[in-house]
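Look at Swiss-Prot and you will find 1-26 tagged as signal peptide, backed by sequence analysis. Summarising the annotation, Swiss-Prot assigns topological domain 'Extracellular' to 27-865 and lists a curator's inference as the type of evidence. The annotation N-linked glycosylation site is assigned in Swiss-Prot to Asn134, Asn168, Asn217, Asn487, Asn617, Asn756 on the grounds of sequence analysis. Annotation comment: Swiss-Prot describes 866-886 as transmembrane segment, evidence class sequence analysis. Sequence annotations record features per position, and here Swiss-Prot assigns topological domain 'Cytoplasmic' to 887-1007 based on a curator's inference. According to Swiss-Prot, the region 'Disordered' annotation covers 980-1007.
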Amino acid sequence: MSSERRKDNPLRFALILHLLAVLVQGDIQPRFSCYNHYLAGIRTSSVLPISGHSSAPSNVKCIFENDVAFTEIHSALENSYQVMGKKSVNFQVLDLFHLRELVRRSHCTQTLTVTWKNVPEAGKGGLKVVSLLNETTRIEYSGDERQDFLFDETFAGVRHLIPDEDDNESNPTVTTTRLLCKHIPQPECLVRGKFEVDLEANLEWSYAFSFKTDITNQTLFTLRCGDTTSEVRLENDFFIRADGNAPVAVTHLSDATWHTAIVKHNQPDSHFLKIDDFPEIELGKSISDDTDKTITLSISVNGNIQLIDPTDTNDDCMYSFDKPQKRLQETVSTRTMCVGCGCPKLSGTFDGLSKCDEEDENSYNLRRDVDRLSFIHIDNAFDIDSNGAAIPAISTSFKSDSDVGLIFFGYWQNFHGKGRLQVYYHYDTISAVFCKHTDDEECSSCSIRSSEGFGKDQWIQTILWGGGDEIHLAVDSSVCRLQQLSNISLAEVYAIPQISGGAGLFIGGTWHEKKRRGLYKADAEQKYFENTREKAPVLRGCIKDVFVRGSKTDVSEMFEVQKQAMLNEPDDSNAFAVRKYCQSCIPACSEGTRCRSRAPLQDSAMICDCADELQFNTSEGTCNRERDTPVALSTAFLSENQIVLDIQNTKAILSKVWLKFALPKQINQAQRIVEFNSHRETLFNINLETDGTVNVQLHGQDTASRQLNLLDDRVHLLQLQRRTPMGTRHSAKKYDLYIDGFHTVVSDIGKLVLNNVSVTAAETEDEWSSVIVHDLGLSYEYDEHFAISHPSNVIHQVDLHSQLLPYQIRAPDLSKTGILDDSLWEKPAYVTDSEAAPVLESSPHGEVVDFTADIIEPEQLLSGRWILYSLFLTILLCLFILMCIVCYWCVLRPRAMRRTDTGSQRTIIRDSPDYAPVKMRRDSIGGISIDDDGSIGTDDTDLQAYRDIPSHRVKIYRESMVSILVPSIDQPAEAAIVKRSHSTISDQTPSRPHDTSHAPLVAVNDD
């Protein structure tokens, strides 16, 4: 038996390593905008990388509120600047083509403040402001010292500043706010139904789309080539299954929020799928490249599809008959998706499991108490498989203000074997361990990490379910599979109760230490007590929505059963440190601030811990931060070069130190900024080297450092934050060091009591050469184990910055003290285990540079939108030319032909022997007589006006051989009509026949 297990281990271990790579959150990929990150499943506002299709990424702050994505972009004008000449302004996003496209696709706003410190001569002055999209605004002096302008849409994003006069001291000083762009989704790119795209089978390609659904167990997409088909399905909310292979845990995919899928083909006979920022999943090799056929990607989701591939968005997602490689079959659906509380999850295992963040009247509050136990115990909590191992199907939602705590501890013993499981969290990691004991103990585990940690006083749902080798841990939307690994540590896992039988589950704590005598039954203590040090401590906080064996459990009923089984006096409501209902703060705390007990005692008041937002508690229980008053650490600004600030003694524990500072432009010699001391020795100090390296020195040789850019005008943040140790091991006491987005772990700085803080002023001349301190503070939290009743053992903060202000002899110029940009201090959205992963912090704001004329954006000339515009203009131009041609041939040319005969034609008519002038009369021509010369009428003198033939226009009617001489405007309104025979012209004019003339008669008005 054991030999077979050993033979199977290498193969199983290889498979585990492959699956493990799938379960770890990957690095965040750069995307076009914050909206694209939102479509990739990111819901927490944070600093994220964005880039164009061929540009280097820039890190900007992304804000997600109520399903709306905002992109926050800073510029060099956030620091005040006097405009002394034509200047151009750079932004966090270096690629201006990408930045302009972002502004075009979004609704952006920016505020410009113009300050006239000196009145212009003659009361006149002004400047032109040109936006990123080349919109110009003229600003003139109006008599007010300060003018504010709100720019939006195409006017947002100040790019150029052009003053009326260069090098004029009266020119204004300008500042701008951040450029905030609200993304506007394209309705043309939203698909409800089925979408197909044809791709080349033997070429490298990738295609991206986003999807949103609340239904699991459905087909996500299929790849079809000839007679072969590969199908990818969503299963059991968290899993992807390709072609019937083993399901792969990814994330909660049926949560009615957007996720992004990228299908790739970049290796022979291999196709890959990438979901959000998780590692790629290799699909089955059912489709071969040995063909010249086309691969059809067919996307069909019972929900919504968002087209985000560049081949779609560049054409505004418009398709017609000329693009047969993409086909859309939309369906009309009025169904509303289920979002949030009440939406079922893992319905194949649990009955009515859902994630609800609302307060619940059935919630229970657990406290850490030196005299009393704190947990919920449930008997018969697991089903048992044929091998004697538990099949867990347990879940609860918890919230805690502590960064360490026990969530579940389960155990089972039967004829076939025994085992234990434990789910607990410490700082930024939740871990699950599952051990089954037959001959030897075999354990599997996995962990889920969060950059925000899990002690943030917010509801977190934890689920453990499965059996055999398929046991999974889910924390909110994250999931991992427990696997057998060689480096699993069981030091923090509680032991199986030795004499307990059956299967039981502890929630929120366990019987890990002796408590006050007389409260608990001796047989219960003997049954469950483990006589070892404390490991994962009690979950200090609240629990609700407890599921055991897949069904929701009435915690009140279970707690009553627990008291009957374990208490000497079952009616003693204070025997356990457990209370119904979850305590809250009044008024409610702001977002990002924890509601906590002020002291370790059970009845202590609840307050907001303002240090979470680097603020200070007031006597009214609210949070406050004094107005930003920078202090320059220079002898030119401070009355002393060494300032010692005393700290009052306290029984509380130093939990956080923070320092906001701006660097000088140039450092001539190394400088000690601040030193933290006890009465005996220096605890730690913060130093600045000449190259901009900030060095934190702890206990002599233990140091941590990071080099900063001296040209960066932004205010930096240094934080030291205490990690609560697991159990009672002092060697586990650590502090987290943050310098902006950089993070490392250092040794304990609180071994001795902090008594004073020493601040050093350097011998510098001005603000540019000095360290500028914007804030300096300390935070304390109560000690849970010692001096519990001492009045100083409470949560409080110390404002050291305010204690520095009395030593300031003159205030620095605020325009030279740095830019406050809290996005520089943001923690990353995800925690990665890769040491090579770059620090993800916001990019520099850029600089104000000499005027640089913007060039034409060449890629726009090739975009689908510009092609459509060009085609439309071309069609209009062709129609206009066609109309001109038709007008010329049908109207203008016939008129010109009637009016333009040559003089030679007129001469031929006049000199012809057939020429015989006639006089047209006003009256009726009924009684016409014919003269001897064959003309109508006999008075030749009436025709003298027509002898000058060239002064008349002539038209010859060839059918009747009649010429009409039309007089010009300066001749009498009479005409001569000549009829010619078809015979050859001779010198002798034939006699006129006496019958009626065939020439037409024209009545002419002589007037």
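Quick reminder: no glycine exception, Cβ is built from N, Cα and C everywhere.
What Swiss-Prot annotates, mapped onto the structure for a quick look.
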residue: Asn134; record: N-linked glycosylation site; CB count, 10 Å: 11
residue: Asn168; record: N-linked glycosylation site; CB count, 10 Å: 17
residue: Asn217; record: N-linked glycosylation site; CB count, 10 Å: 14
residue: Asn487; record: N-linked glycosylation site; CB count, 10 Å: 5
residue: Asn617; record: N-linked glycosylation site; CB count, 10 Å: 19
residue: Asn756; record: N-linked glycosylation site; CB count, 10 Å: 13
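A separation of roughly 56 Å, to the nearest angstrom, links the Cα atoms of Asn134 (N-linked glycosylation site) and Asn756 (N-linked glycosylation site).
Mean per-residue pLDDT, taken over the topological domain 'Extracellular' (27-865), amounts to 88. Asn487 (N-linked glycosylation site) sits 44 Å from Asn617 (N-linked glycosylation site), taking the Cα positions as reference. Note on proximity: of the glycosylation sites Asn168, Asn217, Asn756, the one nearest Asn617 (N-linked glycosylation site) is Asn756, by Cα distance. DSSP assigns Asn756 (N-linked glycosylation site) to a strand in the three-state reduction. Of the recorded residues, Asn756 (N-linked glycosylation site) and Asn217 (N-linked glycosylation site) place their C-alpha atoms 62 Å from one another. Taking CA atoms as the reference points, Asn217 (N-linked glycosylation site) and Asn168 (N-linked glycosylation site) are 71 Å apart. According to DSSP, Asn134 (N-linked glycosylation site) is assigned to coil rather than to any helix or strand.
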